[in-house]
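Notes follow the structure.
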């Protein structure tokens, strides 16, 4: 909420990256609300969160939608940062405000469609054979369908984009050295991007890897709910806690350092113009 109110109060939403940051905060807010909804259901009627019920479809669907939206936002931010750094080197494409709005719209439509599939009929309220043990009444095949692509996106795409940014910065630093110019800005930007990208990747790994492991466990498990109580459900609660920690960590990683990152990128663009002039 602080991130959203700050963005609206400073009128900084004309920047493409600010739109993505604000949308990420909205996704995290939805994740927190849906997680709170599930927690209240567990407090009032814990059996339905263990054995499954029709009442769990809506909160689980909202929870899935918000998590998918968060993952899509993280991927979009990584791609936008890559284009912001690389545009002066290899591409003339510039991310505009309309592009960010379109990305936000597409992300939410896709997240809502995939997240609400159980409400449209892809659930195991009637079929007990393929029901998920940890997330009843979701089906195991549905969890695999949304978990595998999402985990690949959350791990591979940000890792690739931020590694490419570091490589580009290093190449520019070498060109600046060849021109006999100072490279302090590139060294500082390279180290900052490296620290931020490692933090982003580790946060995603710690947060979503246990959930993915739980889905794999669900697919390989042949035992019933009672046999797995309480250990498996303690693990499920821990995965939900880690995802909530991600919602708290995102503002620290993306928002509080935005001004510093913006200043670095502005300095890099000015330096890139000097590099092209030197090359010519």
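Backbone N, Cα and C atoms are what each Cβ position is placed from, and that goes for glycine too.
Taken from TrEMBL, the feature domain 'G-protein coupled receptors family 1 profile' covers 1-254. Here TrEMBL flags 17-40, 60-79, 100-122, 142-167, 200-220, 232-256 as transmembrane segment.
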Tertiary contacts of the transmembrane segment (232-256) (same chain, 6+ residues out, Cβ under 8 Å): 2-3, 6, 21, 24-25, 28-29, 31-32, 35, 38, 50, 67, 70, 74, 77, 133-135, 196, 199-200, 203-204, 206-208, 210-211, 214, 217
Same-chain residue ranges lying at least 6 outside the transmembrane segment (100-122) that approach it to Cβ under 8 Å: 16-17, 19-20, 23, 57-58, 60-62, 64-66, 68-69, 72-73, 76, 80, 137-139, 142, 146
Distant-in-sequence neighbours of the transmembrane segment (200-220), which means Cβ under 8 A and at least six residues beyond its ends: 71, 74, 78, 132-135, 140, 143-144, 147-148, 150-151, 154-155, 158-159, 162, 232, 235-236, 238-239, 242-243, 245-246, 249-250, 253
